[in-house]
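Colleague: According to TrEMBL:
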- Asn191, Lys192, Ile193, Asp194, Gly242, Pro243, Ser244, Gly245, Val246, Gly247, Lys248, Ser249, Ser250: GTP binding site (BINDING)
- Cys325, Cys330, His332, Cys338: Zn(2+) binding site (BINDING)
- 1-13: compositional bias 'Basic and acidic residues' (COMPBIAS)
- 15-37: compositional bias 'Polar residues' (COMPBIAS)
- 363-374: compositional bias 'Basic and acidic residues' (COMPBIAS)
- 382-393: compositional bias 'Basic and acidic residues' (COMPBIAS)
- 394-403: compositional bias 'Basic residues' (COMPBIAS)
- 414-429: compositional bias 'Acidic residues' (COMPBIAS)
- 142-300: domain 'CP-type G' (DOMAIN)
- 151-298: domain 'EngC GTPase' (DOMAIN)
- 1-63: region 'Disordered' (REGION)
- 363-429: region 'Disordered' (REGION)
Amino acid sequence: MSENRPDPVKEGRSPVQSDRPSLTTQGVTLSRSNPSPVSEARGTAAKPHRAREDREPPTDEIEVTGTVVAVQANYYKVQLDEGANATPDTQGETERTTSLLCTRRARLKKIGGQVMVGDRVVVEEPDWAGGRGAISAVFERSSQLDRPPIANASQILLVFAVEEPSLDPHQLTRFAIEAESTGLKTTLCLNKIDLVSPETLEHWRDRLQAWGYTVLCASIPRREGLDAIRRQLQGEMTAIAGPSGVGKSSLIDALIPSVNLRVGDVSGKLARGRHTTRHVELFELPDGGLLADTPGFNRPQLDCDPAELVRYFPEARDRLARGQCQFSDCLHRDEPNCVVRGDWERYEDYLQLLEEAIAYRDAKKQQSDPESTLKLKTKRSGRQEYEPKLESKKYRRTSRRVQHQTLQDLYNELGDDPSEEDLEALGLN
Ligand SMILES: Nc1nc2c(ncn2[C@@H]2O[C@H](COP(=O)(O)OP(=O)(O)OP(=O)(O)O)[C@@H](O)[C@H]2O)c(=O)[nH]1
Ligand SMILES: [Zn+2]
């Protein structure tokens, strides 16, 4: 469950419940709050979360609404809805303002109104000439991903390369499980198909389809498969995810030529690197729809309720839809009359991830025990280890010192597999 979801209580609604716990990806947690059943039942547009409930705009005033496409420091770039700036002020102007740089009303902060990329917002007192405004209200979210922080995403496009880097089915499974855990629709995109034979491609496609995924194939240099991807993305807000180097930036560039993400360019990569991993930006697709680039999403690690894990495997979901295990709390290992256990390719992956999920849950329990002198650390590879708790003072001193070292020294000190916490403490994450 996300920590910073909008506060529905303030809107006189029952709290939004997430039916799925979140999974943590090293560097990224995708979790999703489900839309409020109340607003669904009403079948009406969600009410904005207002900073000034006492001062509703006069009904003849056109409300300026839009979508937050980028957040930097305390500024929000709001892409305006079609027709949102048709106020009397703009009549006669030839050039229409399509986005405004906005601040957030202090009152909105007080009532806990967090503003994220993807949020649908109301802009108050727009200054059309100066391109400025202030966000006065945030609409209820239909979904929320925490790391990277994106509101209202409707699907995830998981990009993998068939070669360079070669496709690792276990890594793909981890990413896919992570994506599935958000409850959002997940589609796979196999990129760089120009690097393999048609037979190899067919092998992968058939295999991934047998796991239950929708598979799109692409080659950026050959401009293959792009139309099908465009259709998949049209009118949706899509978060693109996948390991480093599979061609996510190349794909975004191919779909939105004006973006120019400097593919494979070292300085570009550094600019998008660790220091900006939390920086998410939405790009508008020429045919409608928004695309979220999610830099840094490349080291999935499991953090989910062991009992929920099975639901993140489409092929296991299918088995559960067709039958029922004898025990309602079946973990599908060696329980009698289990409908999940059996002859399906990823069953061993399931068992392994289940062990990890159980270990993680137990470790979290242990960690919350104040008597414990051990703390669980997650390595960048996804591995988890117990380490003695460090005294925070000493730890901080180390961080300051290493700030003056070169990057190489830093890596030498941390080893090849530093934990997320180490990196975080050093401001490298
Ligand atoms: N042969 C081939 N190369 C590709 C294709 N797509 C991308 N590449 C190359 O793969 C390399 C990595 O591409 P990027 O787009 O930077 O990959 P990325 O997924 O954005 O990587 P990160 O930014 O590290 O997450 C670049 O050299 C691209 O030119 C493709 O379809 N075929
Ligand atoms: Zn079972």
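Using the three backbone atoms N, Cα and C, a Cβ is placed for every residue, glycine included.
Because the structure is a prediction, the values reported are computed rather than measured.
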Colleague: Between the binding-site residues Cys325, Cys330, His332, Cys338, which lies closest to Ser244 (GTP binding site), Cα to Cα?
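Modeller: Nearest in space to Ser244 (GTP binding site), counting only the binding-site residues, is His332.
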Colleague: So, three-state DSSP: helix, strand or coil for Lys248 (GTP binding site)?
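Modeller: For Lys248 (GTP binding site) - judged by DSSP and reduced to three states - the answer is helix.
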Colleague: Output the one of Lys248, His332 that, of all these binding-site residues, has the highest number of other Cβ atoms within 10 Å of its Cβ.
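Modeller: Most Cβ neighbours within 10 Å: Lys248.
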Colleague: Near ligand 1, which of the binding-site residues Asn191, Ile193, Val246, Lys248, Ser250 are found, taking a Cβ distance under 6 A to any of its atoms?
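Modeller: Only Asn191, Val246, Lys248, Ser250 qualify.
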Colleague: For the GTP binding site, please report the maximum Cα-Cα distance among Asn191, Lys192, Ile193, Asp194, Gly242, Pro243, Ser244, Gly245, Val246, Gly247, Lys248, Ser249, Ser250 in Å.
Modeller: 19
Colleague: Among the binding-site residues Asn191, Ser244, Ser250, point out the residue whose Cβ has the most other Cβ atoms within 10 Å, with all shown protein chains included in the count.
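Modeller: Max Cβ neighbours within 10 Å, all protein chains included: Asn191.
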Colleague: Around Cys330 (Zn(2+) binding site), how many other CB atoms lie within 10 A of its CB?
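Modeller: There are 19 of them.
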Colleague: Report the binding-site residues (Asn191, Ser244, Cys325, Cys330, His332, Cys338) that meet this criterion: Cβ distance to the nearest atom of ligand 2 under 6 Å. Use sequence order and write none if nothing qualifies.
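Modeller: The ones that qualify, in sequence order, are Cys325, Cys330, His332, Cys338.
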Colleague: I'm trying to understand the geometry here, so how far is the Cα atom of Asn191 (GTP binding site) from the Cα atom of His332 (Zn(2+) binding site), in Å to the nearest whole number?
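Modeller: Here the two Cα atoms are 34 Å apart.
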Colleague: Please tell me which one of the binding-site residues listed here (Cys325, Cys330, His332) sits closest to Lys248 (GTP binding site), measuring Cα to Cα?
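Modeller: Nearest listed residue in space: His332.
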Colleague: Look up Asn191 (GTP binding site) in the DSSP assignment and report helix, strand or coil.
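Modeller: For Asn191 (GTP binding site) - judged by DSSP and reduced to three states - the answer is strand.
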Colleague: Between His332 (Zn(2+) binding site) and Gly242 (GTP binding site), how many Å separate their Cα atoms?
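Modeller: Each residue's Cα considered, His332 (Zn(2+) binding site) and Gly242 (GTP binding site) end up 29 Å apart.
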